[in-house]
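Written below as structure tokens is the structure these notes are about.
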Amino acid sequence: MAKTYDYLFKLLLIGDSGVGKTCLLFRFSEDAFNTTFISTIGIDFKIRTIELDGKKIKLQIWDTAGQERFRTITTAYYRGAMGIMLVYDITNEKSFDNIKNWIRNIEEHASSDVERMILGNKCDMNDKRQVSKERGEKLAIDYGIKFLETSAKSSTNVEEAFFTLARDIMTKLNRKMNDSNSAGAGGPVKITENRSKKTSFFRCLLL
């Protein structure tokens, strides 16, 4: 059977339990919102294929449990991720403070050039806000990461967040392929995973 996509990108949603990772995933993958989701047990993923610059991108989006007791399960999936969304709840100060801990986990376990984005979720609940948008923006700037406030309930910025992350990954892939070709490699390239956690995730190999 012919392949129905040009690229496969593996993405992770990480953050504390209850920040809305599963709701974001369902809003993007199925355009659905459900307030009765129970806390995610282990890890699950959804698929959605999008189009960017004439290319079909298959997004495999993993929803990882935020509770401390599942952290080892989450860690096993960092190495395969090409993009990671760090999610906090704007009505929960602690979930925002813990973003720094999640970033340290990424730095320890993920590839050095994985694309990252911080999402301040539940922005529809502005009357219960504990974390200002400015604080979220400042944290993102400090780490050199893009930032958006989102709402799975109202669908605010959900599409934009996933499309932005996918575009950043695609831009990086294209740049690396161009660098390989300009270095005299020539011919088609295949993107493969580099298992070393402190080196680039992306390697270009001649087919």
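Every residue gets a Cβ built from N, Cα and C, even glycine.
According to Swiss-Prot, the protein carries these features:
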| type | residues | note |
| --- | --- | --- |
| BINDING | 17-23, THR35, 39-40, GLY66, 121-122, ASP124, 152-153 | GTP binding site |
| BINDING | THR22, THR40, ASP63 | Mg(2+) binding site |
| MOD_RES | THR72 | phosphothreonine |
| MOD_RES | SER180 | phosphoserine |
| MOD_RES | CYS204 | cysteine methyl ester |
Three-class DSSP secondary structure - LYS122 (GTP binding site): coil
Listed recorded positions (SER17, THR22, SER180), ranked by Cβ neighbours within 10 Å, top entry: THR22
Spatial neighbours of LYS122 (GTP binding site) that are distant in sequence (at least 6 apart) but have CB under 8 A: VAL19, GLY20, ASP89, ILE90, THR91, SER151, ALA152, LYS153
Secondary-structure category, per DSSP, in which ASP63 (Mg(2+) binding site) falls: strand
Packing count at ALA152 (GTP binding site) (other Cβ atoms within 10 Å of its Cβ): 27
Rounded Cα-Cα span from ASP63 (Mg(2+) binding site) to LYS21 (GTP binding site), Å: 7
Cα-Cα distance linking SER180 (phosphoserine) and THR22 (Mg(2+) binding site), given in Å to the nearest integer: 38
Residue, out of the binding-site residues VAL19, CYS23, whose Cβ gathers the largest set of other Cβ atoms within 10 Å: VAL19
ASP63 (Mg(2+) binding site) versus SER17 (GTP binding site) - Cα distance in angstrom: 11
Alpha-carbon spacing, ASP63 (Mg(2+) binding site) to CYS23 (GTP binding site), which is rounded to whole Å: 10
